[in-house]
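Worksheet for the structure shown next.
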Amino acid sequence: MTHTLYPTPFALYPINISAAWHLGPLPVSCFVSNKYQCSLAFGATTGLRVLVVVVPQTQLSFLSSLCLVSLFLHSLVSAHGEKPTKPVGLDPTLFQVVVGILGNFSLLYYYMFLYFRGYKPRSTDLILRHLTVADSLVILSKRIPETMATFGLKHFDNYFGCKFLLYAHRVGRGVSIGSTCLLSVFQVITINPRNSRWAEMKVKAPTYIGLSNILCWAFHMLVNAIFPIYTTGKWSNNNITKKGDLGYCSAPLSDEVTKSVYAALTSFHDVLCLGLMLWASSSIVLVLYRHKQQVQHICRNNLYPNSSPGNRAIQSILALVSTFALCYALSFITYVYLALFDNSSWWLVNTAALIIACFPTISPFVLMCRDPSRSRLCSICCRRNRRFFHDFRKM
């Protein structure tokens, strides 16, 4: 029996394989080749190849899981008799999927950790939860099918799955924009002094956050409900700019009235949210500047004027909104160009898809870098991994 070896990059997060066995005619073996790398061997069989590995639950990291998913996708490609078009490790789509899922799932784990520990969440955390879920939805619905295309799986035959993924991508993208806008507007309300015209709204704003998040999801689910109606579950790499957002589904919008109404609603929402975010960011900077001028005579000799929790939270929101504005401005310009010129090349379509997924990929790391509590949780996880790595080397 011949075997094909697929090396896995477990150098940073080595795992201890506790068991591996055969399932009937599908031989699967796993072994540790050295202290820094684990390799999996798939039996050369016909049909679908199955990966079965048992790993201690307490020692399984996110990165290890993603590596196993990559191997499983690679085995699916081998079952179809196709090969990837380029090395997987150099593919920007796969890199974006790994980094984006790792960041967003880590942030979701952080919020779940606080919830089950009984900590009272901050008002902004409620918005960030929905933002993280929406970003994860964008990455899972758009980038993973494109990663499957990189592996050679170019036929998306599930009609319902095509509709669902296309619909989920549009809803996730809209909620991501709306949540970022809501976050910036809420922040500008909370940092204004109590004696300003925002005083009454400042008291009531936290009570409306939950309702605002629900309305945001409901609005985008209703607006995008017309989108799957015109979707066909066929893979099309040709003339993608006329058919839709995703390479694995085509969406010919033959009804010009429906197309115009949908385009008007989505464009109005995006422009409105972007305008509100720019206004909120400018207002935050102006309020901070005035506050700095007022207290400058009090803390003239302070060497760390930006080290307070309030300033760190505001800087985190500003960094997030700036990242959003940059990514979506570039993607908007790219998609306008694609809409105006029908003969756009395929690489430009891929570039536009890469840009639109930049914000869901980067945003969790922006939040974790600016918030010391999130960074502290990540450092605890890193210390546990280093302790396990030390024990692993003694084996």
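Here the Cβ of each residue, glycine as well, is placed from N, Cα and C on the backbone.
For Asn239 (among others), the entry in Swiss-Prot reads N-linked glycosylation site.
Residues annotated as N-linked glycosylation site in Swiss-Prot: Asn343 (among others).
What Swiss-Prot records for 33-51 (among others) is topological domain 'Extracellular'.
The topological domain 'Cytoplasmic' annotation in Swiss-Prot covers 73-93 (among others).
The topological domain 'Extracellular' annotation in Swiss-Prot covers 115-170 (among others).
Proximity of distant same-chain residues to the topological domain 'Cytoplasmic' (192-208), defined by a Cβ-Cβ separation under 8 Å and at least 6 residues beyond the stretch ends, is recorded for 123, 186, 287. Residues or ranges marked as topological domain 'Cytoplasmic' by Swiss-Prot on the basis of sequence analysis: 192-208 (among others).
Annotation comment: Swiss-Prot describes 230-267 (among others) as topological domain 'Extracellular', evidence class sequence analysis.
If you look up Swiss-Prot, you'll see 289-316 (among others) marked as topological domain 'Cytoplasmic'.
Look at Swiss-Prot and you will find 338-346 (among others) tagged as topological domain 'Extracellular'.
The annotation topological domain 'Cytoplasmic' is assigned in Swiss-Prot to 368-395 (among others) on the grounds of sequence analysis. Residues belonging to the topological domain 'Cytoplasmic' (368-395) score a mean pLDDT of 51 in the model.
Residues or ranges marked as transmembrane segment by Swiss-Prot: 12-32 (among others).
As annotated by Swiss-Prot, transmembrane segment applies to 52-72 (among others).
Annotation source Swiss-Prot lists transmembrane segment at 94-114 (among others), citing sequence analysis.
Swiss-Prot lists 171-191 (among others) with the feature transmembrane segment, giving sequence analysis as the kind of evidence. Sequence-distant contacts of the transmembrane segment (171-191) (same chain, six or more residues past either end, CB-CB distance under 8 Å): 123-124, 127-128, 130-131, 133-138, 141, 198, 201-202, 205, 209, 212-213, 216-217, 219-221, 223-224, 266, 269-270, 272-274, 276-277, 280-281, 283-284, 287-288, 310, 313-314, 317, 320-321, 324, 328, 356, 359-360.
As annotated by Swiss-Prot, transmembrane segment applies to 209-229 (among others). Packing against the transmembrane segment (209-229) from elsewhere in the chain are residues 123, 126-127, 130, 163-164, 166-167, 170-171, 174-175, 178-179, 182, 186, 251, 258, 262, 265-266, 269: each is 6 or more residues past its ends and has a CB under 8 Å from a CB in it.
Note on the transmembrane segment (268-288): residues 174, 177-178, 180-181, 184-185, 187-188, 191-192, 223, 311, 314, 317-318, 321-322, 324-325, 328-329, 332 of its chain, located 6 or more positions outside it, place their CB under 8 angstroms from a CB of the stretch. The transmembrane segment annotation in Swiss-Prot covers 268-288 (among others).
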Over the span of the topological domain 'Cytoplasmic' (192-208), count residues by DSSP class, listing helix, strand and coil in order.
10 helix, 0 strand, 7 coil
